[in-house]
Amino acid sequence: EEETKSWKKMINVAVSGAAGMISNHLLFKLASGEVFGPDQPIALKLLGSERSFGALEDKLNFINLTFVVNGKALNAVASPNVKVMVVGNPCNTNALICLKNAPNIPAKNFHALTRLDENRAKCQLALKAGVFYDKVSNVTIWGNHSTTQVPDFLNAKINGIPVPEVIRDRKWLEEDFTQMVQTRGGALIKKWGRSSAASTAVSIVDAIRSLVTPTPEGDWFSTGVYTDGNPYGIAEGIVFSMPCRSNGDGDYEFVKDVIFDDYLRKKIKKSEDELLAEKKCVAHLTGEGIAVCDLPEDTMLPGEV
C-alpha cells in the first residue's frame with residue numbers, strides 16, 4: 001500500500017482481437033510496464049469473440065464493419081482524449097472508418113500503424129551502412145501501409161549524416177531498399193508460413209511509446225494520421241503516414257523541416273491516389289455516400305492481415 005501511493009492514475013487500455021497472434025505478444029509487453037513504465041497501473045480491457053478469430057477474420061468487409069462498430073463504441077463511451085492505434089489491414093482506411101464513426105473524438109487521435117515499416121527501413125539502412133540500428137534516425141514511411149508505401153531515404157540520417165551521403169548507391173536506395181521494405185511482410189509469410197506477430201507487437205509498443213515519451217531532439221517518427229492541416233500538400237480527409245514529433249503527452253505535431261525531390265513526390269502521389277480510391281470504396285461505411293470501388297491493383301500486404 002505504501003508503494004502504490006506514488007503510482008500514477010490508472011490508464012485503461014482496450015485491445016481488440018485479444019486472442020490473436022499479435023495480441024499474444026503485445027499483452028505481455030503492456031502488462032510488464034514496457035510501454036507506460038513500471039509505476040503506471042493499467043487496466044486491460046480485452047475484446048473479441050470466436051467468430052472474429054475464425055474463418056471471417058481475413059475477409060476485408062468483415063474487418064471494415066468491425067471498425068464501424070469499434071468507432072461507434074468509442075464514440076459512445078470513450079474519453080475524447082482516447083488515443084486509438086489501428087493495426088488490422090487495410091489499417092489506414094480502417095482508421096478512417098473508425099474515426100468517421102466516432103465524431104465525438106478528435107480525428108487526430110486516431111493512428112494507423114506504420115511503425116513496423118519504419119523499423120524495417122531502419123534495419124535495412126543499418127545493414128547496408130554497416131552500423132548499429134540505433135545510429136539510424138529521421139526515417140519516414142509516407143502513405144499507405146501497402147506496397148505503395150514510401151520509405152524515405154532522402155530525409156533519413158545515419159550518425160546524423162544524410163543517408164544519400166553515406167550510402168551513395170542511389171539505384172539501391174530507389175529500387176532494392178524500397179522494394180524490400182514494401183514487401184517484407186509477404187516475404188516473411190512465404191518463408192515462415194505465418195505473419196510477423198512478434199515484430200508487429202514490438203512496433204505497436206514503439207508507436208505508443210513515441211506518443212507518451214518526448215521525441216529526441218531533431219528526430220521524428222512515422223504514424224498514419226488524419227491529413228487535415230498537413231504542411232506537405234497531401235490531400236485532406238484521408239489517413240496517411242507522415243513524420244511526426246511528440247512532447248510526450250500523447251499528442252503530436254507534423255514535422256515541417258523535411259525536404260522533397262521529384263522522385264519522392266512521385267512516389268508519395270501514388271500512395272495518396274491509392275488511399276483516395278480506398279476512401280471511395282468505403283464511402284458507405286464513413287457516411288459519405290454510395291461506395292464506388294475502382295482500385296487499380298491489389299497492394300494489400302499479405303503478411304499483416
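Cβ coordinates come from backbone N, Cα and C, glycine included.
Per TrEMBL, these features apply:
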type: BINDING; residues: Val87, Gly88, Asn89; note: NAD(+) binding site
type: DOMAIN; residues: 114-284; note: domain 'Lactate/malate dehydrogenase C-terminal'
type: ACT_SITE; residues: His145; note: active site, proton acceptor
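Where TrEMBL records a feature, it is marked here on the structure.
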{"residue": "Val87", "record": "NAD(+) binding site", "CB count, 10 Å": "25"}
{"residue": "Gly88", "record": "NAD(+) binding site", "CB count, 10 Å": "23"}
{"residue": "Asn89", "record": "NAD(+) binding site", "CB count, 10 Å": "22"}
{"residue": "His145", "record": "active site, proton acceptor", "CB count, 10 Å": "31"}
| field | Rounded to the nearest Å - Cα separation of His145 (active site, proton acceptor) and Asn89 (NAD(+) binding site) | value | 8
